[in-house]
Amino acid sequence: MAAALSCPVLPLASGCSVPVLGLAVQDFLYCSQFFSQVGRHRSRFLHFNYSRLCCVFWLVGGTSHQGGYSHDAVVHAIQNCGIRHIDTAKRYGCESLLQKAIKESGVKREDLWLTTKLWYSDYGYENTKRACLESCERLGVEYLDLFLIHWPDAQVPGRSNREVRAETWRAMEELYEKGLCRSIGVSNFLISHLEQLKEDCVITPHVDQVEYHPFQRPQELVDYCRSRDIVFEGYCPLAKGEALTHPSIVQLAKKYGRTPAQICIRWSIQNGIVTIPKSTKAERIEENCKVFDFTIAEDDVEVLNGLHDGRHVSWDPSLVV
């Protein structure tokens, strides 16, 4: 078995430290059932970038672009690549599958960083506490390293999103205080959502996980999080593969003798972002991990920073109040 990847960590306000590189995992076939639901009830999901919704599952999980959970890929990542940071969610439908992969890997629970997420159907005080216990049971663990509210829209008839988010967060705070969650946070929350949470609750989220790649670099949100000791995590680091063929990124890959994927991942990490790429292919996972033995020059970082054009390849939370 390979030793743990020589991967820097970032300290959280919780007192824990998260590896800056992770592998997120989901089951595309399970998620596809959700897509069909969205198609039937599209009016309820107008705040999503509907035409690109599926890519959040393609790009944030331990799968290929063509989909499908890969047990062997997860085991390989842990055993042979030294990955210790695994990111998943109830919505991704593979927490139980992950339990098997983690056990097969032979790595001790305390040596892993496990993140999962709370889906909006489980929002609310009692629902949140129950959902956390159910996720722990599916994963085969007694605690979570990080538990995230997955999306800012609660979709509860007759109640405001702010009200439901606050109630849900109070349960998250309780789970944190009891030690069931070592750290707690949110995903896809913008400044307005974080400001409301600050006014309504006690504990500031330890993490905000948001889409982040060369074409979507929400620097104002990153700066806001840093000013409040919230660690910023980025998903979709390759922009659904769109970044891999951009001329500037291809040129830099040639310059540094690296792949476009490695350039994107290294750029994200150098910008201080906890970065979560994925793949089902052993060689791609190994490639994605080989980003700590080179540095992108500051001038080239600025070139990549300048590619931001505001496009989303995933969820767009800007219309959620």
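Even glycines carry a Cβ here, placed using N, Cα and C.
Now, the feature entries from TrEMBL:
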| type | residues | note |
| --- | --- | --- |
| ACT_SITE | Y92 | active site, proton donor |
| BINDING | H150 | substrate binding site |
| DOMAIN | 72-305 | domain 'NADP-dependent oxidoreductase' |
| SIGNAL | 1-15 | signal peptide |
| SITE | K117 | site 'Lowers pKa of active site Tyr' |
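Where TrEMBL records a feature, it is marked here on the structure.
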{"residue": "Y92", "record": "active site, proton donor", "CB count, 10 Å": "29"}
{"residue": "K117", "record": "site 'Lowers pKa of active site Tyr'", "CB count, 10 Å": "25"}
{"residue": "H150", "record": "substrate binding site", "CB count, 10 Å": "21"}
*Could you tell me the C-alpha distance between Y92 (active site, proton donor) and K117 (site 'Lowers pKa of active site Tyr') in angstrom, no decimals?*
9
*asked:* What does the structure give for the C-alpha distance between H150 (substrate binding site) and K117 (site 'Lowers pKa of active site Tyr')? Integer Å is fine.
replied: 5
